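Heads up, the thing below is written out as structure tokens.
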Amino acid sequence: MLRGMAESIKISKSGLLESRLPFKNTVVLILHLFYLMAVVLPGALDYSAKVSLFIFLSAMTCWVLTKLPAGFIAIAALMAIILLGGATPSILYDALAQEVVWLMIGAFIMGEAVKQSGLTDRMIDYLLKNASCKEKLLRRLTNVLLLSAFFVPSTSGRAALAKPLIAQIGERWHSEKEKRFLALFTPILILISTSATVIGAGSHLIGVGLLENATGQSITYIQWFIWGVPFTIVISFLTLYILKCMIWPKEKRNEKNHVTISQQQKMDGSLNQKEIRALGFIGLVLLGWLTHPIHHYDIGFITMLGAMLFMAPVYGVITWKQAVNSVSWPLILFVACATTLGGTLIDTGVINWLEKELFIGLNLINQAPEWLLLLIILLITITSHFYIHSHTTRAVIFIPSLIVFSETIGLDSTSVVFLSLIGMNYCLTFPVSSKAILLFAEDTSFDKKQLLQLSGVLMPVYILVMVFFYFTYWQWTGLQL
């Protein structure tokens, strides 16, 4: 009898141990309790703002620390806000009515059409010529992505054009580590290279426009070129080096390309009908993107217009069914709900509250040394992608306040705006922080946790390079706070 009782006690103890939450789940629970206490305290926030802030922090935690599908978390977060009375059901319905959603749908269709036309094979043919090892191929790819910033005025547009090319190279590289490297390297470099030109991102044009309206000053194309290109070249190749050290398999660095020109699909030098049509449609889309200030149609609309051309009956490149099947619908739902979730922080006044609290503190340091002011501006702008996921929204929210701040304490507004926009270009920590990363996030080789680890190294490097450039090259060329 005693033996039976002892055994039952052992069993109950083991059952109790097994029933305990895993360590990671315990951390998630503790963080949620902390968020709840932190959100309840601010008296300046109303009920809907507190609900939105708590659910946003909850979703961010679940994306990082759990294995739940990202789309499921995003949809559940919106549903939770609605159920708790923080918003009406219209936020769920309106989630699919955003430009980024249709931009990505169009980008997927265009990417599939470019792939089916054979143009990606030709680009691979070019990249592989004289690229005797994979490391040389990566340098060539870096050059191509850098140059694309001068012709495609959208990070998501560049990602859309690069995606089918990277997918084709990935199919030829059989190592999972190499595929993971490509899936992370490409969007990271696209974002890093944005700083090269004033048309590299819509946020640049918005920031310069706000500067002109507020102060009458501006940043010309040539000025930005002089300041931006050297910085972009240095940070791009430094990023390539860091990524190779951290995630590129060492045994593959000098490995010969498995695919040679003779092994590829034979290219006779002349374009076929599909390739000619695809090039023509790409040209029209690029023209539409470049002439946005004239016709005022959004990049998302122009991209969908291009997608319609690619799948037009008779004259198109792919069929309707091929186009629809090429879209990653789980990713589309994730993007729609995640961006809407970020938007609730703006709509409910959370961002406005954070902005006021932040700049009240900044006005107390008007006598701070130059290096400290520079660091504060960089830290604010570089970390802004943590809580504002849209590149454009970050510029709209922060640039006016930074201009007011610079005018108040006697800083040069042009320099502050340029440094702030370059800082905002860093948005690599989470997939939801950038459309370019989101386009690659549906790739099975994409590793979100590795992206977080890379950002932990790249962010301080990015800040240090900006500080170095400010006190050397940028000051020599007239950029001065």
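Glycine is treated like the rest: Cβ placed from N, Cα and C.
Curation does not apply to TrEMBL; its annotations are automatic.
Remote same-chain partners of the transmembrane segment (21-41), defined as residues 6 or more beyond its termini with a Cβ less than 8 Å from a stretch Cβ, comprise 50, 53-54, 57-58, 61-62, 65-66. TrEMBL lists 21-41 (among others) with the feature transmembrane segment.
Positions annotated as transmembrane segment by TrEMBL: 72-93 (among others).
Nonlocal intrachain contacts for the transmembrane segment (181-201), taken as residues 6+ away from its ends with a CB within less than 8 angstroms of a stretch CB, comprise 138, 141-142, 145-146, 148-150, 153-155, 158-159, 162-163, 166, 169-170, 173, 208, 219-221, 224-225, 228-229, 231-233, 235-236, 239-240, 243, 247-249, 290, 391, 422, 425-428, 434, 436-437, 439-440, 443, 445-447, 450-451, 454, 458. Taken from TrEMBL, the feature transmembrane segment covers 181-201 (among others).
The feature transmembrane segment is assigned by TrEMBL to 221-243 (among others).
Look at TrEMBL and you will find 276-294 (among others) tagged as transmembrane segment.
With a threshold of 8 Å between CB atoms, the same-chain residues lying at least 6 positions outside the transmembrane segment (300-318) that come near it are 99-103, 105-107, 109-110, 112-113, 116-117, 157, 160, 274, 277-278, 281-282, 284-285, 288-289, 292, 326. For 300-318 (among others), the entry in TrEMBL reads transmembrane segment.
Per TrEMBL, the feature transmembrane segment maps to 330-351 (among others). Outside the transmembrane segment (330-351), and at least 6 residues removed from its termini, the chain residues within Cβ reach (under 8 Å) are 45-46, 48-49, 51-53, 55-56, 59, 69-71, 74-75, 77-78, 81, 86-87, 91-92, 94-96, 98, 100-101, 104-105, 387-390, 393, 397, 432, 435, 438, 441-442.
Taken from TrEMBL, the feature transmembrane segment applies to 371-388 (among others).
Look at TrEMBL and you will find 395-411 (among others) tagged as transmembrane segment.
Within the chain carrying the transmembrane segment (417-439), a Cβ under 8 angstroms from the stretch's Cβ atoms is held by residues 60, 63-64, 70, 100, 103-104, 107, 155-156, 158-160, 163, 187-188, 190-192, 194-195, 200-201, 203-204, 207-208, 210-211, 219, 224, 227-228, 231, 331, 334-335, 338-339, 342, 374, 377-378, 380-382, 384-386, 389, 391, 394-395, 398-399, 402-403, 446, 448, 451-452, 454-455, 458-459, 462, 466, 470, 479, 481, all 6 or more beyond its ends. Residues annotated as transmembrane segment in TrEMBL: 417-439 (among others).
Tertiary neighbourhood of the transmembrane segment (451-473): same-chain residues 64, 184, 188, 230-231, 234-235, 238-239, 242-243, 246-247, 371, 374-375, 378-379, 382, 419, 422-423, 426, 428-431, 437, 479, selected by CB-CB distance under 8 Å and a gap of 6+ residues from either end. The feature transmembrane segment is assigned by TrEMBL to 451-473 (among others).
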By Cβ distance under 8 Å, which residues at least 6 away from the ends of the transmembrane segment (72-93) in the same chain are close to it?
47-48, 51-52, 55-56, 58-59, 62-63, 66, 333-334, 336-338, 340-341, 344, 347-348
Distal contacts, the transmembrane segment (395-411) - CB-CB under 8 A, six or more residues away:
203-204, 206-207, 210-211, 214-215, 346, 351, 355, 359, 362-363, 366, 373, 377, 380-381, 384, 388, 417, 420-421, 424, 481
